[in-house]
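Here the structure is laid out as structure tokens; the discussion comes afterwards.
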Amino acid sequence: MDREGRPVAEAPALGRSAPKDAVGVWTARVPASSANLGSGFDVLGMAVDLELVVRATFDPEAPGALSIAVAGAPPAAGAAADGAASIPNDETNLIYRAFRAALQAAGEPVPGVRFVIESAIPPASGLGSSAAAIAAGLILARGVLGARFRIDDGLALAVRLEGHPDNVAAAFFGGLVAAWAAEEGAVSVQMVRRELPLRLLALVPERPLSTASSRAVLPKAYSRPDVVDALAKVALLVSAVKNGDWGALKPLFADRLHQPYRLPLVPGAEAVFRLANDRRCLGMYLSGAGPTIMALFLDEAERAAWLEGARPVLEAYGFRPLELAPSAVGARVETPEGETLAW
């Protein structure tokens, strides 16, 4: 990180100046992410330990060729969801779109591509599946292009594809980050805390919820008291996380900017949120655009005890618990020679 705490990295020289040299299998690994954390709307993002893995091979002799295979299926967002079917196998695939956009921006021809994708991230669940896909495509491009594809270029392109910086910043760097995208396209990221000694419980409902649907219910403007409430809480939340004051978190997750409008879209959400009153739960918030609800705990024992008491409510409304932890590791790619490269 630089003097201001911003993660920066220069790629080691990989001995490659163009995609034509990118032979062998490249393996990208990217964490899921949980965004907003209450009032940190479109600003705060936390990497979590579900992973997207993409194994890529490139054929410069077949430009434009594309083959995408899915190894297994991610945990379904709902009982009837088909995880494999939710991953496009054509040019609309976000991993490919991000990879192609990066090479085109660098003035390089796009080689033939084969991706084998394995994802543990539930789609359309508020756990950053699209941000992980974008980050995977861009870290693959970083590996192929080397230092010509700078971190600032990657972040700006990721935000253009995703629309907001919180999830992609967490996917890039790991940890808990704050991010801001300026109108001219520049993206600023600060690492709030890389290592978080917490345990998480992602409560995933049966029905997925698209980000577009979740954003459509938000108001066009907010009152001054609501904005001041958000500013105060996000400042206190960042300070509490940096200082490890975990007991201060619970009231700071309550926001007025997005959760009051989105929770009615998630059947049973209000009943689940009432379970946060249990002393063993450090707090609860709607993860990203939803529908997943994220609960935080000090350790595995507290999480297990809380979950035992919460099961009747969770089962009544069809919430599936996923036991997770924050991830300190962001996107990285393993070269054909076994070298690991991160941002």
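Glycine is no exception: its Cβ is also placed from the backbone N, Cα and C atoms.
Per TrEMBL, the features are as follows:
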- 93-175: domain 'GHMP kinase N-terminal' (DOMAIN)
- P122, P123, A124, S125, G126, L127, G128, S129, S130, A131, A132: ATP binding site (BINDING)
- 238-304: domain 'GHMP kinase C-terminal' (DOMAIN)
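Locations of recorded TrEMBL features on the structure.
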| residue | record | CB count, 10 Å |
| --- | --- | --- |
| P122 | ATP binding site | 25 |
| A124 | ATP binding site | 23 |
| G126 | ATP binding site | 31 |
| G128 | ATP binding site | 31 |
| S130 | ATP binding site | 20 |
| A132 | ATP binding site | 31 |
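Listed in chain order, the residues near the ATP site other than P122, P123, A124, S125, G126, L127, G128, S129, S130, A131, A132 are A32, I121, G288, each with its Cβ within 8 Å of the site Cβ centroid. In the three-state DSSP reading, A132 (ATP binding site) counts as helix. Counting residues per DSSP class in helix, strand and coil order gives 34 helix, 9 strand, 24 coil for the domain 'GHMP kinase C-terminal' (238-304).
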